[in-house]
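*Asks:* Taken from TrEMBL, the feature transmembrane segment applies to 42-59, 66-86, 131-151, 199-221, 245-264, 276-294, 306-328, 359-383, 419-441, 462-480, 486-502. The region 'Disordered' annotation in TrEMBL covers 538-575.
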Amino acid sequence: MRAGAVCGSLGGMLTPQASPLLTPPSADSGALKSVEDAVNGVFGPFADWLGAIVFYAIPLPGGTSLPIVVLWLVAAGIIISTYFGFVQFRAFKLATEVVRGKFSRPDDPGEITHFQALSSALSGTVGLGNIAGVGAALALGGAGATFWMIVCGLLGMATKFAECTLGVKYRTVNDDGTVSGGPFKYLPVAFGRFGKAPAAILTGIFAIAIFFFGVGGGNMFQANQTFAQARQVTGGDDGYLGSDGSAFVFGLALAALVGAVILGGIKSIATVTSRLVPIMGIGYVIACLIVIFSNISHIPSAFGEIISGAFSPEAGLGGLVGVLIVGFQRAAFSNEAGLGSAPIAHSAVKTTRPVSEGFVALLEPFIDTVVICTMTALTIIIADAPSFRGGIEQVKAGEGAPDGVLLTSDAFETFLPQFPVILTVMVALFAFSTLITWSYYGQKAWEYFFGHNRTGILIYKLIFVTFTLVGTLLTFGKVLELTDSFLFICGFVNLLGLYFLLPEIKKEMNAYLADRKSGRLYELGAADEAELAAIREQHDNTGELPRMESDNLHDSGLSMEDRARGGTRHPGDDR
């Protein structure tokens, strides 16, 4: 997610502000600067008005405040976790089995594997916020914010489980074999009880919001920050990228790379992200662990600081509430649980059992928040660079949050002075993966209004890569603030629809878990060809099939071939 949404002072409104992580490059010409100022002037009043509504915060004792959007997202995590009996803990092992393809069949309807779907969705959430947003959150809330980030991430796992199950359950397969799913399909069902018009209006609001965030925060901001980081590390105004025209050339190259990937659709995006995300995630975690273990003597005190800061901050009740809010806010903004974006990617999975992808999706907040965000936080706390303590004092003095990228970079530099160069590569990879995934989310919003046709999709992709180029040239701060508001409007609409469909998800979940317990869940995976051959050979020799636990071929309604593959007939198979 775009990491420009960072918190304000603990003593004031804890609302996201669209302040870039790095100082953006100035426009290469007065004409471009004039365009930027004009656009910001047009959108500024509306952005301020909408932001004041979406990010309205309830004043609390102690001088802090609680943004309603954070309350809405966290409450959803608590309610959904409770409703499903904390499925994120009960089914964690099952989720790891499903994502490895243990219960998958290569000919199931869909476009991509479980692992590719997870990688695609993760590439849209694991981004600049994991590097910079965490640093800003620690400066605002102290080390204790880390604990509440983890708690919120764990709650968000249940929300992801629910929304991504629905994304698959109500999807449609187009004539060309591509899939259309996500909130565009399940929100009309959820809101249909109020009539066609309200359902169309609410789903339309969601689609508009996703589209504009995809073009703005999911595209322009990522391109802008990638160029800004590259420009800074190469010497700023005096470096290779400081000359006139460098932003245009950089943007053109980035747009070409993005275009080359997204022209192939979700299969191409999934192919890239399934390779890129593991490299990014594992590489970043290893870098964090190197810093952490190089300061191994500080680890016990760091964990002590996290726990004590979470429950007994110096500022008393106001500080306790403030730390909790900062931690919840950072996690909610990072993993996007409940916002409705991830179900779009997950809906393309190859499966006949919608809830199987729900189990896969619950791993997403765990990886994004519990693992990667926590690694960033531990690195900053344990390295204890001067900028971290200075950032906390800066917040206490009422001077606002420091640059989150700077805090992370300084923490790594305590071990490796050349880290800014490595950070630039990481920022570029994170931003690129976010770009290509959000292009797909925006495309599905486009299709909601204009239909699924090649010409229309091509027009959309040309628009998207054009704004990638524009993002490297101009900042459009007010436009990005506006798109931030749009994204969290998605959260209000999506979760409202989700509540109406929770019973449908529970039916899917209970049927799936029952089939797993009875032994009927097993579906052929690529690694089980030998087992299938043995089953077929036994049938050829004896005319019988082996019984699998309590399952009975003649009672299951399955053909011999289906039974040999370990399949099970389920209402979802007929969709």
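For all residues, glycine too, the Cβ spot is worked out from N, Cα and C.
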*Asks:* Ranking 66-86, 199-221, 359-383, 419-441 by Cβ pairs under 8 Å to the transmembrane segment (276-294), which is first?
*Replies:* 359-383
*Asks:* Which range wins on Cβ pairs under 8 Å with the transmembrane segment (486-502): 42-59, 199-221, 359-383?
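*Replies:* The listed stretch sharing the most Cβ pairs with the transmembrane segment (486-502) is 199-221.
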*Asks:* Quick check for me: are there 3+ Cβ pairs below 8 Å between the transmembrane segment (359-383) and the transmembrane segment (42-59), leaving out pairs under 6 residues apart?
*Replies:* no
*Asks:* Can you tell me which of 66-86, 131-151, 199-221 gets the most C-beta pairs within less than 8 Å of the transmembrane segment (42-59)?
*Replies:* 66-86
*Asks:* For the transmembrane segment (199-221), I need the partner stretch with the highest count of C-beta pairs below 8 angstroms, choosing only from 66-86, 131-151, 245-264, 419-441.
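*Replies:* When the Cβ pairs under 8 Å are tallied, 419-441 comes out ahead.
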*Asks:* Name the range, of those listed as 66-86, 131-151, 245-264, that has the largest tally of Cβ pairs under 8 Å with the transmembrane segment (419-441).
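*Replies:* Most Cβ pairs under 8 Å with the transmembrane segment (419-441) come from 245-264.
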